[in-house]
Amino acid sequence: MRWGHHLPRASWGSGFRRALQRPDDRIPFLIHWSWPLQGERPFGPPRAFIRHHGSSVDSAPPPGRHGRLFPSASATEAIQRHRRNLAEWFSRLPREERQFGPTFALDTVHVDPVIRESTPDELLRPPAELALEHQPPQAGLPPLALSQLFNPDACGRRVQTVVLYGTVGTGKSTLVRKMVLDWCYGRLPAFELLIPFSCEDLSSLGPAPASLCQLVAQRYTPLKEVLPLMAAAGSHLLFVLHGLEHLNLDFRLAGTGLCSDPEEPQEPAAIIVNLLRKYMLPQASILVTTRPSAIGRIPSKYVGRYGEICGFSDTNLQKLYFQLRLNQPYCGYAVGGSGVSATPAQRDHLVQMLSRNLEGHHQIAAACFLPSYCWLVCATLHFLHAPTPAGQTLTSIYTSFLRLNFSGETLDSTDPSNLSLMAYAARTMGKLAYEGVSSRKTYFSEEDVCGCLEAGIRTEEEFQLLHIFRRDALRFFLAPCVEPGRAGTFVFTVPAMQEYLAALYIVLGLRKTTLQKVGKEVAELVGRVGEDVSLVLGIMAKLLPLRALPLLFNLIKVVPRVFGRMVGKSREAVAQAMVLEMFREEDYYNDDVLDQMGASILGVEGPRRHPDEPPEDEVFELFPMFMGGLLSAHNRAVLAQLGCPIKNLDALENAQAIKKKLGKLGRQVLPPSELLDHLFFHYEFQNQRFSAEVLSSLRQLNLAGVRMTPVKCTVVAAVLGSGRHALDEVNLASCQLDPAGLRTLLPVFLRARKLGLQLNSLGPEACKDLRDLLLHDQCQITTLRLSNNPLTAAGVAVLMEGLAGNTSVTHLSLLHTGLGDEGLELLAAQLDRNRQLQELNVAYNGAGDTAALALARAAREHPSLELLHLYFNELSSEGRQVLRDLGGAAEGGARVVVSLTEGTAVSEYWSVILSEVQRNLNSWDRARVQRHLELLLRDLEDSRGATLNPWRKAQLLRVEGEVRALLEQLGSSGS
């Protein structure tokens, strides 16, 4: 997986649009603002505000208050109510934004966008070539602050109309929301009254006539009594017209007549035209935002200043954004209060790793040039490293990201087809993405891109749509490759976006072979005329003795079935390719897909296996995950809002084809990372019935060595927690589990018969969760392995509370858990509280003779205990002999294993002991292990010297050889 930039957008509410983005510029600095309105706030409680500017250019502190233009108390109160309503309205954040915590709001902290002034000559130049279209804005153009937009121009003329333009995702909606909130909180003192309009809202009114006063009064009720005074406000009245591309404006007098009366009913587009002509309210200030393709809808003579909304022009601004985002106090807290909040140290670590990757990985820096991709990076990191809200998937993050940027957007409002911008992107960019996945490449030449964009274009209207897409949205999806040796090529802005769009291209049914296209047309034609022809042929067959007619009659019926089977075969082929990609074993990228995604964002700590030889074969393991995720009901509903509906029947048939292939390949034993990818696919699909059927044959869950982050624990618990059949074994050894992960995985543990939690650094705190697990009435665990965890005596005291009330556990391993004498004495005192235990392993716990002997005696008296492991403890020669004698003293009672020998014979448990040593050789203290092995070797030599039985001597010699080999291995690895 590899790496690109923008900030998202959502609706303002009923008819308005809003976004969540914060662009900026080069040298950020902080300004702490105070309230300018007569020394007091316009409304609301005190609120700290920090502004991070995108440029070093800033205006002076707000000047003193102008003379009041609305002198009456009632008018002042009406405007104050208007401020309060706007602030409440524009402060609302979409659900996707709220997951970052309530403190990240536009009225408390903000990174100002970079706005670079441009000229009409630049806008009228011919469109740049594809390669140049993706270049950042020229550094020489002066940046503008929000407060400077209406400053006099270079000739000293007053600027009344400002047009701000930017491609999809540069943050036009967020800029408008921020500007409105600035005015609400008194930070734009130059304007007495601000009236925002959404052009999308106005376009939805159609040709129904309404006056400007009616439009304002309908949307902002408190302003009814201020409307007669609007003309007197002059330049202190600011209209904000957001999303001009949604309106069809005609500035010809023949098309739109002149009108200066704000109370005269007209079409909404005519009102906007006369406002921009300065024929209606000629002194009012107007701010317009639009996509680049619609700039020409306003003649340049009516515009005082053009400004391009740009992205984060250097990595310092990107770092600032990430610090603000990821260091929010509630950033790591799960929705609904579940899970554990990320600590400040963990958040700082994420920011530091991301900063290092931004400095060393130029492609991700190029991606984050667009602020909305910075949002996507933060959302992905939040998903990967924080407790995940129920139902949130990686696919839903990407789908929501596209909804925030494309919701309600049509490609061209003047085109009668009203084609969705996202639907056009799915058809063109999806084709390019899928061709890249199928040919296993992520770099595309200009010919590749043009080939997908221009495929099938035949009419002038289609070329016009392509031109609009290239100007408004192409660089949202594609970025120039900045890697050495890749000049002139393009990559998808974010690597995962290629796989998402490829999956979308498939599930939307846009990939069709020539045979399928022809077959579909033939089948539809036959279907339309088939009934009539069949009726005629049926009559003729009865009247005329023609034997060929029944055959022809049946052939007509067969044609739709043949086409249906052809489509079904195509779906099966896609499912086959998807499943093969999911279970494809890689030599280089063998981490699970979530770790791969995290590494692509944060970088890889430490050297790669082959630093000078990157893999030639690209990995597209997210592609099948996104395919499953896009078929989920939630994502299909969001895609329908974007103009990309997936039919229920198509989703069902695709799911059935995938299930058929998964049922065959899913039965094989998978490596831990591949098994997690399999479970992650089911998590993305969000269909419990589907997952239960496919995973019904899963009996062993082996995720040993997989780093179980909060999201991975959530994935495993969500997919396997609701299953009914028992799991023979759950192996989570060396998974970096913590108590929060144990709590998340509780539903899975309740299905397990054998549970392995070795090498997880679980301490006494985790024993509380293990106690609750053992006391659960559905617990069916028979074997519990907790070796190589620092449980200590305090943890075992808690664990014994669970064992006292548990009736299922028969085998318990506490090998190398730091129990010491205190822990073994505690076990000896409370062992009789459990009546089912059959085997107890407390080897390598640093216990002495007294504690070990006490536990051995308690074990001998236990009604069910059969085996007690005490080897590798700090036992003297006399202590070992006493324990050996105790273990074989009488019939019945537990056998005590303290050495590789039993008298003059080899212990039948010698292989168990040595295999434990071999398995933990790299994690145990080498000097201590070497000392214990030397003691065991001495026991073997003594036993061999004390026996005359040649068979026993041979066995002892064999075991001696195994011990010596381990000692040599210790010595060589130590050196």
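Glycine is no exception: its Cβ is also placed from the backbone N, Cα and C atoms.
What you are looking at is a predicted structure, and each value in this text was computed from that prediction instead of being measured.
Residues or ranges marked as transit peptide in Swiss-Prot: 1-86. For 75-556, the entry in Swiss-Prot reads region 'Required for interaction with MAVS'. Positions annotated as domain 'NACHT' by Swiss-Prot, on the basis of sequence analysis: 160-483. The feature ATP binding site is assigned by Swiss-Prot to Gly166, Thr167, Val168, Gly169, Thr170, Gly171, Lys172, Ser173, with sequence analysis given as support. Look at Swiss-Prot and you will find 695-718 tagged as repeat 'LRR 1', backed by experimental evidence. Per Swiss-Prot, the feature repeat 'LRR 2' maps to 724-747. Feature annotation from Swiss-Prot assigns repeat 'LRR 3' to 749-777; the stated evidence is experimental evidence. Under the heading repeat 'LRR 4', Swiss-Prot lists 778-801, citing experimental evidence as support. The repeat 'LRR 5' annotation in Swiss-Prot covers 811-834. The annotation repeat 'LRR 6' is assigned in Swiss-Prot to 835-857. For 858-877, the entry in Swiss-Prot reads repeat 'LRR 7', with the evidence type experimental evidence. Residues or ranges marked as repeat 'LRR 8' by Swiss-Prot on the basis of experimental evidence: 878-899.
When DSSP labels each residue, the repeat 'LRR 5' (811-834) comes out as 14 helix, 3 strand, 7 coil, counted as helix, strand and coil in that order. Sequence-remote contacts of a segment are chain residues at least 6 beyond its ends whose Cβ falls under 8 Å from one of its Cβ atoms, and for the repeat 'LRR 5' (811-834) they are 758, 782-793, 795-797, 800, 803-804, 840-848, 850-852, 854-855, 857-859, 861-862, 865, 869, 916, 920, 924. For the repeat 'LRR 3' (749-777), the predicted model reports an average pLDDT of 95. Secondary structure at Gly169 (ATP binding site), taken from DSSP and collapsed to helix, strand or coil, is coil. Cβ neighbour count for Gly171 (ATP binding site): 30 (other Cβ atoms within 10 Å of its Cβ, all protein chains included). Summarising the environment of Ser173 (ATP binding site), the number of other Cβ atoms within 10 Å of its Cβ, over all protein chains shown, is 27. Comparing Cβ neighbour counts within 10 Å across the binding-site residues Thr167, Thr170, the minimum falls on Thr167.
It is Gly169 that, of the binding-site residues Val168, Gly169, Lys172, has its Cβ surrounded by the most other Cβ atoms within 10 Å.
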